[in-house]
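These come from TrEMBL:
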type     : residues : note
COILED   : 239-266  : coiled coil
COMPBIAS : 319-339  : compositional bias 'Low complexity'
COMPBIAS : 340-350  : compositional bias 'Polar residues'
DOMAIN   : 80-208   : domain 'Cytidyltransferase-like'
REGION   : 1-31     : region 'Disordered'
REGION   : 313-367  : region 'Disordered'
Amino acid sequence: MDAQSSAKVNARKRRKEATGPNGATEEDGFPSKVARRAFGLREPAPFSDEIEVDFSKPYVRVTMEEASRGTPYERPVRVYADGIFDLFHSGHARALMQAKNLFPNTYLIVGVCSDELTHNFKGFTVMNENERYDAVQHCRYVDEVVRNAPWTLTPEFLAEHRIDFVAHDDIPYSSAGSDDVYKHIKEAGMFAPTQRTEGISTSDIITRIVRDYDVYARRNLQRGYTAKELNVSFINEKKYHLQERVDKVKKKVKDVEEKSKEFVQKVEEKSIDLIQKWEEKSREFIGSFLEMFGPEGALKHMLKEGKGRMLQAISPKQSPSSSPTRERSPSPSFRWPFSGKTSPSSSPANLSRHKATAYDISEDEED
């Protein structure tokens, strides 16, 4: 587990156990949380030579056990971290964050070496010392900045700044004829290790710039820097300008290709949508057609009904032959002409008599 993760776990444990400074609990009258001294959270951290220190009070270092347990608010653990901090990046900030969170109540002092020391012992820097001081000042974890910090920490320097512990990564730092400039700090029990952030460093950033020098030179030429300011020869300047024009043409061609691809893609999407819609509409049309004109469609039923009605209208139904026989009503009484008497009843004898009379009459008329 790295120092950062360990600090987070310890912080969670302290909140859970509700311990105050020096392990005291809330029952002893101490608050459960210790307020952080945070000069760098609201304003830049001050320089050490701008802070008044009362040297009349004796200074006694705290042990690692006392520092880990927690110190009173008025007595924070004074942790010192030094470096070049050229091209200040996230790796620097993470190292300072770890140093700030080593103990519950930490006051972080950061030393920044001057240009003279750095150029003599390490090499040329991209940023000058004032730029590097200013960058560290504005890191939120820093409480105090030491300008022109020494390359090797002496007992006098540690006593002057009342330093309890020195924070740095545990990798031996060989420089100034020493295999490890922090060896005497480790032997004195004042060393507090931090973890390096892999994948980011000042050397990595400079390597990227050197590797892509042509790209950055062309970039700054386009932004108005002169070839003299960039230390670019006349021939290289013309070459960079020509490359910039070629890149612009390539970019335009690429943009046209991308736009044409987008157009083709949109056309394909629209055509797919149209085909899907056409298929849906065609299914609906075919379904409606079959419902109307299919073998069992509505039109067939309508025609059957119409045909039945026409046949019924043309040939109406005949009356049934087996209808009951109607009884004949008796014929009315026969009245002789010019006679007020009624004919006799229609009995068989009378009927024969009538027939004979009618026969005689007909013979007389013939005579």
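Placed from the backbone N, Cα and C atoms, the Cβ positions cover glycine too.
Predicted automatically and left uncurated, TrEMBL annotations should be read as such.
Within the chain carrying the coiled coil (239-266), a Cβ under 8 angstroms from the stretch's Cβ atoms is held by residues 214, 217-218, 221-222, 232, all 6 or more beyond its ends. According to DSSP, the secondary structure content of the domain 'Cytidyltransferase-like' (80-208) in residues is 45 helix, 26 strand, 58 coil.
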